[in-house]
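In what follows, a single structure is set out as structure tokens and then discussed.
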């Protein structure tokens with residue numbers, strides 16, 4: 001499973017990062033002893049139209065005037081410098097008044113719990129409850145969820161108002177004892193050790209199912225955090241559950257194949273699977289690649305989580321071109337937490353900590369996690385850990401709370417005790433205070449919501465490309481919200497994932513590409529409700545070519561190797577203008593070029609499909625993918641052609657012009673550069689040619705091809721990758 005700490009996401013926290021252009025100091029301090037310090041937003045109006053203006057430098061200079069040199073970087077949380085001017089900082093009342101008196105400042109106000117809706121992610125994607133939709137058609141769509149089961153009693157799966165089960169449904173309800181299907185959850189199966197028990201013990205499957213297709217539920221929150229309406233992408237759709245993962249998150253390849261086998265035959269329209277391997281496997285040594293090939297062959301699109309092994313390059317295991325591989329991004333709602341030290345400094349970190357402090361300062365234990373916990377030393381105290389992942393041990397040892405240090409601090413995890421993750425520089429401040437104070441104390445406040453205007457940003461944990469199996473095929477394909485997502489949950493699973501956590505919840509906050517994947521599933525279903533006859537590749541193309549931009553990459557990777565084509569944009573995806581279609585025969589020829597012979601191809605396809613020519617790995621790039629990867633050697637001249645074809649799905653008479661974003665030392669041309677269509681479903685071919693020579697100082701360059709008719713802008717990423 002591709003989600004949070006209990007599914008091994010925690011590994012990403014130990015990898016070093018390169019900060020994005022918009023500096024994000026998520027752990028902040030004030031140098032004054034004023035304990036009333038809190039997070040403020042300083043609004044400065046529009047950005048100056050001066051090329052040399054540096055917003056961040058200006059903001060730091062302003063803070064120096066009111067705080068002093070030593071506390072500036074600890075106070076600044078974020079600079080706003082893209083669409084307006086301003087910053088967020090930890091300030092006390094006196095500092096706030098000084099900033100407010102400055103001529104360039106418009107206003108200074110507290111950063112409060114701005115967002116009140118639960119599944120904020122859908123609104124953030126531009127997909128409000130009021131969006132145009134056909135509930136009758138949506139109710140005919142069946143989403144197959146291959147995961148850890150489901151909690152059928154959740155309000156998110158209520159069937160009130162739904163009509164009869166679609167006649168095309170051929171599945172069964174074998175959820176086990178006391179498991180009842182309805183007109184929402186119309187089917188349930190289980191495999192392996194979970195035989196005849198489709199009830200979710202891990203919470204993971206319930207979360208993903210409700211994100212993709214859950215009903216609208218009012219007044220949902222997580223202990224009063226993120227209050228609002230929970231809903232999936234297509235609330236009127238039906239859900240069929242295929243449980244093959246237990247409470248420990250373990251899933252086996254054989255059960256994956258069994259689940260796909262049933263789902264395809266049962267009549268599902270879309271499959272969502274947030275399960276992955278540790279490393280990419282050859283196409284037909286990979287149960288998910290194998291099963292999804294046959295699903296796509298039957299017209300069933302499969303959305304798949306990219307994995308949680310980022311930000312390392314080539315870390316995604318979702319590499320088959322027929323899979324819709326999904327990366328994770330942030331939304332504009334974040335959960336932050338504050339640590340107030342006894343000396344008055346306030347540090348801002350991350351966690352989903354639901355425990356109120358009530359103004360009580362707790363002693364800090366002068367004990368190290370690396371040396372193990374001495375219960376006599378840590379009981380009832382706050383412990384410090386230079387690495388994350390020790391919360392459960394601290395809890396079992398009787399500690400009151402825990403403060404940890406992490407390198408990539410862009411995710412908030414649900415905690416079973418008062419807890420906060422700090423950036424390493426602020427963690428050092430806590431250590432220094434603790435070691436220099438006779439009786440160090442601190443207060444871990446309850447988490448609050450922070451509005452992030454730099455989102456969407458790619459999550460540090462999200463697995464990256466390039467595609468280690470087929471470099472010519474861009475992976476991941478797309479990105480969607482996967483950080484701090486509130487959705488339905490199983491009360492059998494503790495919200496923090498730790499056995500000592502006795503709380504039971506119906507909705508929980510989780511992070512991972514497991515959360516982004518069902519967002520794309522919901523969007524796929526939405527697009528399919530408008531275009532039920534479109535192929536999986538056509539729907540995939542529509543979503544990939546109509547995206548919104550994403551911030552952040554890490555490790556100097558091309559952005560597209562981090563977040564794919566961009567953040568999905570459901571409104572535009574239903575009317576993309578042009579689509580890059582891929583047929584079964586196209587995939588077969590790609591496999592031929594990859595190296596599979598006629599015998600294997602005929603076995604895979606079950607028909608007379610055969611290879612037109614001998615295998616040629618350099619021709620894998622000819623697959624009609626809606627993205628181009630130009631793989632070249634450094635300091636070596638190249639001249640590469642990419643044949644493509646697009647089908648008109650916009651208006652009867654349309655003329656599209658090609659627009660190329662230039663790349664240094666690479667000339668990219670399109671022939672022809674104008675495509676004129678006289679009717680719908682008309683197809684035109686073109687060739688993209690890349691000529692040039694690049695050095696070895698940078699490993700990737702990004703460009704794009706946009707076909708525009710003035711209304712539609714059909715955008716395909718172009719990545720030059722230096723081998």
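Yeah, the Cβs are placed from backbone N, Cα and C, and that goes for glycine too.
Annotated features in TrEMBL:
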type	residues	note
ACT_SITE	147	active site, charge relay system
ACT_SITE	204	active site, charge relay system
ACT_SITE	514	active site, charge relay system
DOMAIN	40-116	domain 'Inhibitor I9'
DOMAIN	140-563	domain 'Peptidase S8/S53'
DOMAIN	622-720	domain 'Subtilisin-like protease fibronectin type-III'
TRANSMEM	7-26	transmembrane segment
DSSP residue counts for the domain 'Subtilisin-like protease fibronectin type-III' (622-720), split into helix, strand and coil: 1 helix, 61 strand, 37 coil
Cα distance (Å, whole number) from residue 204 (active site, charge relay system) to residue 147 (active site, charge relay system): 7
Helix, strand and coil residues within the domain 'Inhibitor I9' (40-116) as assigned by DSSP: 28 helix, 19 strand, 30 coil
Nearest-integer angstrom distance between the alpha carbons (Cα) of residue 204 (active site, charge relay system) and residue 514 (active site, charge relay system): 8
Residue among active-site residues 147, 204 with least C-beta crowding, 10 angstrom cut-off: 147
Per-region confidence, the domain 'Subtilisin-like protease fibronectin type-III' (622-720) (mean pLDDT, whole number): 95
